[in-house]
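Enquirer: Take this structure first; my questions come after.
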Amino acid sequence: MSHASPYENNPLLANLTLGQKTDYIAEYSPQLLQPVPRQLNRDALNLAGNLPFHGEDLWTLYEISWLNNKGKPVVAIGEARIDAGSINLIESKSFKLYLNSFNQTRFADLATVRHTLEQDLSKCAEGAIKVALYPLSEAAHHIGTFPGECIDDLDIVIDEYHFSSDWLEQAGDNHTIVEETLHSHLLKSNCLVTGQPDWGSVVIHYKGPRINREKMLRYLISFRQHNEFHEQCVERIFVDLQRHCQPEKLTVYARYTRRGGLDINPFRSNWETAPANMRLIRQ
């Protein structure tokens, strides 16, 4: 069963720079950041009051550069952890444009840049933000792998590519309680505004009734023509798994390929803390 889109003709999305021709500003401009209320998606998921999960959106910033006090360029790799309890998520194109505005701006040192990022991002998200910046000599993002078993090699026939949570109906086996970790690299959704493809991998760690792997894979593949932001997709997966399969403990963590020098990696759980950053092979 498909769900009605809460986004169609929504005025909260009308003024986003995403999907529009924009000028690239090279002088520090925090006003370029644009928020999107998280509640826009959560209302459609019937999430009000206390959330059934905690977590964060872990962004990796690959293209950040500024000038030191002598005018010499500095480059770094950054991480921004945006609490899932913040009022807003940050729209990714506006984040890219904001980072570009550092390019011709002088900063005293790396700590000043980090503080500036935290201050601006916290204001936009209206929530807690933690930022780390690393000189390239100290950045150690080794290519890793997701834990658990990959379900992508299941030999199944797929002829439906429209999103539906119905694939998860009766997917939980209440007679068999397990703790297991499953992952898939077949997650694909599309940008909510532009329709451009978003490629991701997702890992699901749960304790509860054993989830039918074929049904889970069909469900994940059904995102293939679904238009939603990364963060919203992960929260939808969490809520659908919890609603249909009723695990006692659940973690959903996705890592998406980068666009515009940024990758977004949403983490949601009711029992675990967010992991250290890493890179998958496609990142």
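For all residues, glycine too, the Cβ spot is worked out from N, Cα and C.
From a predicted model like this one, the values you see are computed outputs, not experimental measurements.
Straight from Swiss-Prot, here's the annotation block:
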ACT_SITE  C191  active site, thioimide intermediate
ACT_SITE  D198  active site, proton donor
BINDING   I90, E91, S92, H230, E231  substrate binding site
BINDING   S92, K93, R259, G260  NADPH binding site
Enquirer: Please tell me which one of the recorded positions listed here (E91, S92, D198, E231) sits closest to G260 (NADPH binding site), measuring Cα to Cα?
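Expert: The smallest Cα gap between G260 (NADPH binding site) and any of the recorded positions is with S92.
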Enquirer: Counting only residues 6+ away in sequence within the same chain, which have a CB under 8 Å from the CB of E231 (substrate binding site)?
Expert: R38, N41, D57, A84, L89, I264, P266
Enquirer: Could you check the binding-site residues H230, R259 and say which one's CB has the fewest neighbouring CB atoms inside 10 Å?
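Expert: Minimum Cβ neighbour count within 10 Å, taken over the binding-site residues H230, R259, occurs at R259.
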Enquirer: Just how many other Cβ atoms lie inside 10 Å of the Cβ on E91 (substrate binding site)?
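Expert: There are 21 such Cβ atoms around E91 (substrate binding site).
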Enquirer: D198 (active site, proton donor) has how many other Cβ neighbours within 10 Å of its own Cβ?
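Expert: Taking all protein chains shown, D198 (active site, proton donor) has 23 Cβ neighbours within 10 Å.
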Enquirer: Report, in whole Å, the straight Cα-to-Cα distance of C191 (active site, thioimide intermediate) from I90 (substrate binding site).
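Expert: Pair distance, Cα basis, whole Å: 14 Å.
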Enquirer: Recorded positions K93, C191, D198, R259: which have a Cα within 10 Å of H230 (substrate binding site)?
Expert: C191, D198
Enquirer: Cβ within 8 angstroms of the Cβ centroid of I90, E91, S92, H230, E231: which residues besides those meet this for the substrate site?
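Expert: Near the substrate site, beyond I90, E91, S92, H230, E231, sit V36, D57, L89, F95, F229, I264.
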Enquirer: When the Cα of R259 (NADPH binding site) is compared with the Cα of each of the recorded positions E91, C191, D198, which one is closest?
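Expert: Out of the listed candidates, the nearest Cα belongs to D198.
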Enquirer: I'd like the Cβ neighbour count for C191 (active site, thioimide intermediate), meaning other Cβ atoms within 10 Å of its Cβ, all protein chains included.
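Expert: A count of 18.
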